[in-house]
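Residues or ranges marked as domain 'EGF-like' in TrEMBL: 51-90. Taken from TrEMBL, the feature domain 'GAIN-B' applies to 163-328. Among the features that TrEMBL reports, domain 'G-protein coupled receptors family 2 profile 2' is placed at 333-579. The transmembrane segment annotation in TrEMBL covers 335-358, 370-387, 399-422, 442-461, 481-507, 527-549, 555-578.
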């Protein structure tokens, strides 16, 4: 053999990987490979054979509809995409003309007996817990319920892996579970539905890398859980929110891992149709400080007036909160409020000084007027100076409680005025009136200041977190807490209305035969007219606030603001300026002041003053 043939023989017997010898002289790459140099036959022993990717251009093997190409070393194969399978049942193929991929229809059942029992037990549990009132234990109870239901549902699903999809729906609870046993070869995205809500989750997140055993995902919807837990447990109470969806839970097993590689997508149907309020996607967060709604890891994809779509990077229990859409403040109403209340403060101060200093009107009725004026003065002053101090939540809650107390005290004193008026009218035919005065003096301070204190104490003890809102230091509208104020006000309004009707009836029936000029009767009539005016000024004004709905809301808002901001002026007008005794007292003060000025001027000019000077002084005094 020649030296060349020896080299050629050595080269052929030492072909590179993925190549074979041809005629004992050359090497060539195996089928599905190309040489790095591009030559079909070669002798260079360091040549390399590279795999041909038949699934990419320029070859791009076409596998048919609902199928895709999969490259392997030295070749390729076709397989159906997730959710489809070959009619022949084979896992792969190469000839697209002889194979067709058909959509897989998962086997759905109404749930095993175990699953049915879990949902029935959950429904019973929720029914027993709906009436919970202890706010300290509510969140802990909810967390326990959610965790127990998730665990029981997943265990029931994994106990029957042959039932790929299970659905159970009761009155208050609905669940769908899906079991994955094929390493996600059938589906990439799992879609689950429960009642009016749905969820999409990546199949790979469900199996969590476990390609041999069974994995399950559960989607649970609660239609009554919102009665137990609502938006008051939201960790960001700087926004005024309410729950506007059913509470849903998502869980996977047997590995209970909450973090996901791809966000889960959740679709909620709103409980109330509202196109304007801000939508907030939240989940139920358990911490050492307490369990509450949180936005962490959840975001809004889109929403309309009926539905909201969220995505979250973890599994838990979810819901949609709505933040109230605040109406823009009317600057005119603001000006009216501040100007009117400032003027009322001045009038209330003058009225209080009059009730204290005018000896001619000192009686039980005047004492009632004085206490009413003091309560309104303090309430209006606190409103003007501190109603917007929302930076400090504790301080804002204290301000809201103080306003609650002062306004309730004002209405309570108005109730006492109505009671005093009724007792006085009822005892007109009795010679001795002292019993009425003794009774009122004994009753008025404990009732006037004690009853509002009890109401506020009970309200603060039961729901302290509802004192103070993100916008104002006043009572929350949540859980109808505003009725802690409106309820007593409406009750006082109704009782006083009955008192005034009875007083008018007494004056008409019992005293019609007496002389209408009798001073006592005349005074009672005048007091009745004034008390009735006060009743409508103080009482009806708040009813205008309740009527701020519908097309007339703007008109009612202006009437409410104007009348309430001028309450102090009305009290000063009715009980002071229109009182003959007060007018006489004012006249005496002015007269004494004028005489004092005359005496001062006379002392200044002395007894030897010229007549023209004295005449000039007299004319000034007359003016």
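Don't overthink the numbers, they just go from 1 along the chain as shown.
Just so it is clear, glycine is given a Cβ too, placed from its N, Cα and C backbone atoms.
In this chain, the transmembrane segment (555-578) lies close to the transmembrane segment (335-358): three or more C-beta pairs between them fall below 8 angstroms, excluding pairs fewer than 6 positions apart. When Cβ distances are compared across the two stretches, the transmembrane segment (399-422) makes no contact with the transmembrane segment (335-358), since fewer than 3 pairs at least 6 residues apart fall below 8 angstroms.
With a threshold of 8 Å between CB atoms, the same-chain residues lying at least 6 positions outside the transmembrane segment (370-387) that come near it are 338, 341-342, 344-345, 348-349, 351-352, 355-356, 399, 402-403, 406-407, 409-410, 413-414, 417, 444, 448, 472-474, 567-568, 571. Residue counts of the domain 'EGF-like' (51-90) by helix, strand and coil are 0 helix, 16 strand, 24 coil (DSSP-based).
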